[in-house]
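Note sheet for the following structure.
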Ligand code: PTJ
């Protein structure tokens, strides 16, 4: 147990969650490596939500409120770190969460399903497991399996820790793809419609707060928030943010 007074409490807590999820079979082996890579980029960002990330978060919230069928895609890492935060966000929308694993095994799917048992009883629709009989065109069989009422027909898909291939294939299907990825250079970040370069336990509660606020706004106001956003520009500004920060650092 990490003491709350430890200067790196938050980061160590996340590590504990990742290790625990690995030991219980929810997290893929590769999920540990992915987490380490994320930590490195978070150091470079200053472990904070940058103005560029906040910009993407606001656009995300507006798009999710405007959406007819928004779906939150989750995998091992997102369940390990922020399951309850994703459930809160889904409750403010249409309640749809879809399990979509890169390293898909029935065993991992069933373990994740069990973790959501209580949430499903209280109104969350957990998709992507038993009824995933549709396929993302161009993605090999198991990684491309999706639910008809979920990702397959979604207009907006939120994908934390996605791989670039699948993000690109979803964009090709005409969907608005929102990635959460600490690496601004990843294919996922570059291929998605909106990329939130932020740590997911930091940014998901912020998305939910803005969704709550934006649900009170009318469509025209929401369209104004979305209209001038350019993902490539926002990613370039993120890189500028990192380089300025590194250049001004004193060791
Ligand atoms: O659970 P599965 O089977 O779907 O597998 C999931 C992993 C993560 C193993 C799989 O999607 C994968 O291999 O991902 P990548 O290609 O390693 O990409 C993960 C990306 O997420 C990297 O660019 C990391 O910087 C980023 N990342 C890691 N932890 C976080 C993160 N981004 C936001 N918040 C984090 N906590």
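Every residue, even glycine, has its Cβ placed from backbone N, Cα and C.
Please treat TrEMBL annotations as automatic predictions, because they have not gone through curation.
Going through 37, 143 against TrEMBL, the one listed in the ATP site together with 15, 181, 182, 183, 187, 188 turns out to be 37. The number of other CB atoms found within 10 A of the CB of residue 181 (ATP binding site), across every protein chain shown, is 28. For residue 37 (ATP binding site), the count of additional Cβ atoms within 10 Å of its Cβ stands at 13 [all protein chains shown]. A 10 Å cutoff on Cβ-Cβ distances gives residue 187 (ATP binding site) a total of 16 other Cβ atoms nearby, all chains included. Proximity to ligand 1 (Cβ under 6 Å from any of its atoms) holds for these binding-site residues out of 37, 183, 187, 188: 37, 183.
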